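Below is one structure, written out as structure tokens; comments come after it.
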Amino acid sequence: MKLLLLALFLSISASCLAEDITKISESRIPNEDAVPDYEAKWRLGAIQKLWNERRKMGHTPMTKFSPPGFPNADIFFKNETATATRTLKHRFAWALLLWAITEGKVTSKTSAVYDSTSGNTGSAEAYMCTLVNVPYYAVVADNLEKEKVKQIESFGGKIIKVPVALRNAKAKEFADKNHGFYMNQFGNAEKAEEFHESGDFYFESTNVYHEIIVQLKKDKEQIVKIPDYFVHSAGTGGTISSVGRYVARYGAPTKVVLSDSQYSLFYDYVIGHKFTNQSGAGIWTPPGIAGIGYGYDIEPVWYGETTSLTRNVIHEAMKMPDIASVATMRILDEKGYNVGPSTSLNFLVSLYKAYQNKARKSAIKHRLTIVTLACDPGDFYRSTYLNNEWVEKSFKKFGGVMGMECWKKLIQESIDTGSDFYSKGLTMCPGAFKV
């Protein structure tokens with residue numbers, strides 16, 4: 001009897017809760033707006049502003065570096081510091097906000113956009129949100145460089161400081177609490193980043209590899225029109241994945257190489273599919289290389305949630321000692337390249353690819369062409385990576401300034417003569433490299 005009553009109750013409950021289809025009748029023709037007029041008007045206006053920004057962005061310039069020690073190799077920097085916010089994240093934030101508005105994640109009623117950032121995405125998101133009149137809050141580490149804080153604020157962003165490991169969780173918490181939208185650049189980059197060719201279409205693709213191909217094609221002095229290697233690090237993983245997807249989709253003969261920092265988990269995530277069930281707690285060693293790598297987060301590497309790095313479109317991955325990247329930053333600074341530590345890491349991996357191709361007598365017969373990105377300016381790091389006191393304290397385990405100078409000498413020697421800086425550095429320079 002009890003079971004019969006329970007079944008009757010559940011049946012009645014289900015019928016009460018069941019949704020009914022909208023019916024066509026002589027008194028009603030179903031025809032309503034899915035999006036209110038005022039919202040459609042706001043969305044159209046916001047998207048038009050973003051496309052106007054894309055046109056102003058144009059193509060960031062490319063600069064060729066030809067190391068004397070590798071006479072058959074060219075390393076191109078695509079200079080993303082030429083954007084309005086001076087970083088690679090300008091085009092990325094543009095893509096993120098365009099995605100969020102297009103999908104209705106950000107609307108005219110959104111109280112604010114919140115995101116976790118190490119600085120560069122924050123300044124670019126602040127710029128883009130200000131462009132469409134949506135308030136923006138950057139949730140940053142409590143020890144973020146003062147130069148980056150100033151940069152975010154200069155574009156209209158507000159700063160919320162938290163412990164670095166809590167940035168993602170706190171950004172989501174603040175967004176939920178204040179009826180805002182958590183952009184989650186790490187999880188949503190793969191949804192937002194463009195990876196299609198656009199030809200001469202009026203609304204041109206923002207894919208950085210697309211621009212590279214267009215620029216090399218137009219350069220009459222450039223014989224090699226398609227790069228042999230594209231080298232880049234990963235923060236969200238969005239940029240390098242968008243390039244990898246583009247290369248795979250169109251069958252381009254370019255190898256996509258992930259450059260990773262010393263204690264980052266990305267190398268092992270890509271090569272061995274590790275750390276999908278384990279965080280980097282106890283592995284990550286600060287300061288690392290600003291803006292890139294994975295390890296300080298309290299969560300494992302979860303695709304679509306904590307990262308957008310698409311491992312299946314990466315051809316190679318390579319790690320470099322952090323102190324060597326710092327040394328490279330000093331070399332590039334002295335040569336007039338105003339670039340940050342992630343750019344220096346990219347260059348270092350590019351230089352080693354040139355060495356490998358020379359040492360292995362590669363089958364590549366034409367002039368080896370490597371393209372990497374100049375991600376942000378060295379100006380942001382005058383108080384850190386370009387400051388000897390900070391280097392001495394932060395990289396004490398690797399010899400501090402003395403260790404940096406050791407690597408600097410070997411890397412400069414490689415640029416000049418084509419020698420192997422990596423093997424020499426691991427044996428000759430201070431640090432815990434001996435097994």
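Sequential numbering from 1, following the chain as shown.
Glycine too: its Cβ is placed from the backbone N, Cα and C atoms.
For the pyridoxal 5'-phosphate site, Swiss-Prot lists Gly235, Thr236, Gly237, Gly238, Thr239; matching the candidates Ser123, Ser342, Ser344, Ser350 against that entry yields Ser342.
For Lys89 (N6-(pyridoxal phosphate)lysine), the same-chain residues 6+ apart in sequence whose C-beta sits under 8 angstroms from its C-beta are Asn120, Thr121, Ser123, Ala124, Glu125, Asp376. It is 18 Å from the Cα atom of Gly238 (pyridoxal 5'-phosphate binding site) to that of Asn79 (N-linked glycosylation site). Between the recorded positions Asn79, Thr239, Thr239 has the most other Cβ atoms inside 10 Å of its own Cβ, all protein chains included. Residues Gly235, Thr236, Gly237, Gly238, Thr239, Ser342, recorded as binding pyridoxal 5'-phosphate, reach a greatest CA to CA spacing of 15 Å.
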